[in-house]
């Protein structure tokens, strides 16, 4: 537009507003995310768990790790400098004068709004005498006073002030840019262009490009996409993977390849040390040629993993590489579990026979290998080796004991304290207390299972093809809590038995002679007799008396006989009346019982409706909580003697058919189980009615021998037939018929009107 000019900030006042906002947008989020956490809290936490986790490798590495004292200090200095700059700019903004102020003639004349004309004239006289230029006053102030007086007394000036905010009428409004004028100065144009070019043409493309290059190489779980492709190929190729094959495929991940991961290193000494470890292990097949499983980096990772599972001592130059490899194993095994599940889903969706799904054994071997990698144990080793001070030498004393045959952690926990102490007599008191402390920290998880069909009238009735929802409630306790409860129960059971034995001894001591004289009596079995119904019986008179009465006065006898007959008739009538009344009372009772049964049914139905409504509300609340809450994945640290990183307790939960060796529901990775957790497992019901027996598995990804198994029985019924007639449909049809009738009536009425008009 012609004549348009941009006004930049010459004074720098408006630029301070922009600069303050910009600095605040940087400093506030940076303080939240970059302010160093309290190191003392971490030290206190490590001190509190030292009794249990003091022998773990990750605990010792955490203590040996040098504390980063310089980096937190630098962060604090930078953030504090940013806050100082922000506060300085805010103070500067608060002290700057406003360039645009609304014109108010009352303020110029030092009057309150709404002053009268007389007050205005009086104040004008006083101020004009004071600021008149002829009397040595301020000329500018005098002009402002005259302008304000005219705005309040002159009709036209007052109207302009009320409408436009100025007694002189509408004025030109100017808008400025909150940037200093030196930025657009011709002298500084080259410098400004260089800064803009560096920021938007070099720095920004480099940042976006590096982020994009990284994002296309990694998946959402920070696993290389090339690794996922390798796992998918070999899992599909080998349908049933044993443990050796699984370790071989795991070691082929691109995370261990220096070409794709800079954190992975390859040293010249590996050509000497790795063959030595291969000879010591002695169970590695080097004849197959399956790249990348036979590449040098994959072979190195496999050897380091096998040496870790065998708890072998390796050279110090390889320890760092082994720790790096072990830290990657849990995430890689979780990715392999996901790949197996995806292939199973693809096999179910496709009806091609050539597409073969991985077996359930392959999936369970992946989960088993995760436990082995965390605990540093081979496949068939005893779970008791997870405990401290229990090694191969003294394990035989525990597992091959004559009285107690202890094979699992649960067997050791189920013993009494005295038996446990005698079994572990080869340990010193301090070591025994440490073993008990570690054993008490192990998790004990219970499962409560409930199967139902959501969004159905009869949620407990499972029909063919319905979507079954299995609600599993997990409750985590420690082994210490479990054997504390068992000890209290045992003590409560022993007390009454001891009291009973002492009472029996007292009785024997006092009255032993009574027991000698009196033998044990056998009580006859009492049989319950059925109550007999009493019939009305008439007592007959003796014959001699009857004959005497008849001979003495026959008339009286005849009258008496007549009276007796009348009494018999009256008795029969009374009996019939009693029977009728009994029938009436029975019918009334039956009616009352029917009413009571109806009431009971109504009450039962109302209770069922309330229970269903409560379950529905609970499910809705559960879903809302799952959507809104973001639970932390920090649950409980795992006791692992040879794992180099602190790991949290996580679990896999799934349903399988052990008989058919098929996976029913996909594994759910439970990462937030602290105390209790509710998990929903969904799967389609079988296609045929009948009784089905499944198994719910809860497998740990860190501990060996602590898996939980619970049976799940399903009774599948035929699907309900689709109703052909429904009252709602009848009303809809009637409404359509009424509408058609009304339309037909309107058409006939219109035709009659047209005929009448034509006749006219």
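Note: Cβ is positioned from N, Cα and C throughout, glycine not excepted.
Range 189-209 is the one annotated as transmembrane segment, of 126-146, 147-167, 168-188, 189-209 (source: Swiss-Prot). Identical topological domain names are assigned in Swiss-Prot to residue 48 and residue 241, which places both on one side of the membrane. When the topological domain 'Lumenal' (91-188) is classified with DSSP, helix, strand and coil residues number 58 helix, 5 strand, 35 coil. Remote same-chain partners of the topological domain 'Cytoplasmic' (36-69), defined as residues 6 or more beyond its termini with a Cβ less than 8 Å from a stretch Cβ, comprise 75-76, 323, 388, 434, 437-438, 441, 637, 639-647.
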